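In Swiss-Prot this protein carries:
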ACT_SITE  CYS50  active site, nucleophile
BINDING   THR49, CYS50, ASN51, ARG52, SER104, GLU109, PRO110, GLN111, GLN115  substrate binding site
BINDING   GLY184, ALA185, GLY186, GLU187, MET188, ILE189  NADP(+) binding site
SITE      HIS94  site 'Important for activity'
Amino acid sequence: MQLTAVGLNHQTAPLSIREKLAFAAACLPEAVRNLARSNAATEAVILSTCNRTELYCVGDSEEIIRWLADYHSLPIEEISPYLYTLGMQETVRHAFRVACGLDSMVLGEPQILGQIKDAVRVAQEQESMGKKLNALFQKTFSVAKEIRTDTAVGENSVSMASASVKLAEQIFPDIGDLNVLFIGAGEMIELVATYFAAKSPRLMTVANRTLARAQELCDKLGVNAEPCLLSDLPAILHEYDVVVSSTASQLPIVGKGMVERALKQRQSMPLFMLDLAVPRDIEAEVGDLNDAYLYTVDDMVNIVQSGKEARQKAAAAAETLVSEKVAEFVRQQQGRQSVPLIRALRDEGEKARKQVLENAMKQLAKGATAEEVLERLSIQLTNKLLHSPTQTLNKAGEEDKDLVHAVAQIYHLDK
């Protein structure tokens, strides 16, 4: 089995497909353990974000696709048009590019590196990684650090979090006059809330499954923020001008009916809703309602392109460095694969040496002169070491030119 990657991202699949193949954080440990113990793979790392789901494996790509479809209870023909399958060298290049932010919706964005590290940590905890994936991701982190240090690929990057505020400012003239509701209390919500807090909105509320986690985030924000439970949403939604949601829920949290009731109470005042979750937290039908402005991660593309031209110049230098690092990694791995062969070759040489030496000692014991023994020893050793290569070459003839060329290279006969 070889190193391979199977996946889809914002470039190959719409949100409606990506959300079907996303892995909830709570399910990821069991999923990666299951994959690494299946017929599809012997090693596995699963990366699942709002913009991509990728399975890095040592395994059979066709079986991995079948496992992915079975896991999500989807027919293969429904998902296969959106998937990419990568060979060994392509997988290495892709991992490097993703970690550097070169394959992101926001060119050079830094969050993806942390997400990969989290995916690797989960895989390590589940013992689903072996030598090949450990080597790949150790090198991936090293390359990402070097590229982000030596190039400007991540500079002037507009993050999804900062873009959320920019989008709200296109609808409302002053964030300071708004009530803002955050649904969820994870990393993405914390980032977005931090940007909104800098604009000093009139009120910020964090709704979460547990009140303690919501309160913890409110304390971090250090502004006029209060916690509430998800179960409170139907009663309070109408009080907010901006709603930003990003949870790990597999089902929508905010439905069309809930928003309809809130809009009636708001008496035609606009409601800006940003759904950053995959799968979606807010029902897509909400976007059909008058005065409800619903945006998803795919709608953020144009906003996050700010500063892209400057980053693209830096990306060209980063791509060159990635190519160099891919070639370096592949050479290292091929060298390691040769180690057992080298060891076996040396063992054969040692075996021949001992046999010839044993014969020489017997001849010396019988009274043969040292010169005679050394002469025979050298002839026997030459014959033993060259017998197998000579036989193989005789059988190969002109039909196997690669073998003939390889032997010529090994013995430096092609000069």
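Placement of Cβ uses the backbone N, Cα and C atoms for every residue, glycine included.
The least crowded of the binding-site residues THR49, ASN51, SER104, GLN115, judged by other CB atoms within 10 A of its own CB, is GLN115. Every protein chain considered, the tally of other Cβ atoms within 10 Å of the Cβ of the residue listed as 'active site, nucleophile' stands at 25. In this structure, the C-alpha atom of GLY186 (NADP(+) binding site) lies 13 angstrom from that of the residue listed as 'active site, nucleophile'. A distance of 16 Å separates the Cα atom of THR49 (substrate binding site) from that of GLY184 (NADP(+) binding site). Non-local neighbourhood of MET188 (NADP(+) binding site): CYS50, MET160, ALA161, SER246, LEU276, each in the same chain, at least six residues away, with C-beta under 8 Å from its C-beta. Here the recorded positions are HIS94, ALA185, GLY186, ILE189; the one with the fewest Cβ atoms within 10 Å of its Cβ is GLY186. Sequence-distant contacts of GLY184 (NADP(+) binding site), defined as residues of its own chain at least six apart whose C-beta falls under 8 angstroms from its C-beta, comprise ALA207, ASN208, SER245, SER246, THR247, ALA248, ALA277, ASP281. The Cα of ALA185 (NADP(+) binding site) lies closest to that of GLN115, out of the recorded positions ASN51, HIS94, SER104, PRO110, GLN115. Counting every protein chain shown, the number of other Cβ atoms lying within 10 Å of the Cβ of PRO110 (substrate binding site) is 15. Looking only at Cα atoms, GLN115 (substrate binding site) sits nearest to GLU187 among the recorded positions HIS94, GLU187, ILE189. A distance of 13 Å separates the Cα atom of GLU187 (NADP(+) binding site) from that of PRO110 (substrate binding site). For the pair HIS94 (site 'Important for activity') and SER104 (substrate binding site), the C-alpha distance works out to 11 angstrom.
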